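*Asks:* First the structure, then my questions, so here it is.
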Amino acid sequence: MKAIVVLLILALILCLYAMTTVEGACQFWSCNSSCISRGYRQGYCWGIQYKYCQCQ
């Protein structure tokens, strides 16, 4: 029973996360932290409707 509850909670979290990311658009905080974790100085969003993440 606990496993089912945990799976339902994870599914809800993933669903909410998908709703906050607008059609794959770049999210600054996610892009920036991803770039920093890979050893870059910062990350920024660019392109039409800021769709792409660029590390520098």
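For all residues, glycine too, the Cβ spot is worked out from N, Cα and C.
So Swiss-Prot has the following annotated:
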- C26-C45: disulfide bond (DISULFID)
- C31-C53: disulfide bond (DISULFID)
- C35-C55: disulfide bond (DISULFID)
- 1-24: signal peptide (SIGNAL)
*Asks:* I'd like to confirm something. Which of the disulfide-bonded residues, C26, C45, C53, has a Cα closest to the Cα of C35 (disulfide bond)?
*Replies:* C53
*Asks:* Quick one: pull the CA-CA distance for C45 (disulfide bond) versus C53 (disulfide bond), whole Å only.
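*Replies:* Approximately 5 Å lies between the Cα of C45 (disulfide bond) and that of C53 (disulfide bond).
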*Asks:* For C31 (disulfide bond) and C55 (disulfide bond), what Cα-Cα distance in Å is obtained after rounding to a whole number?
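*Replies:* C31 (disulfide bond) to C55 (disulfide bond), Cα-Cα distance: 8 Å.
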*Asks:* Long-range neighbours only, meaning 6 or more apart in sequence with Cβ under 8 Å: which ones does C55 (disulfide bond) have?
*Replies:* C31, S34, C35, R38, Y40, Q42, G43
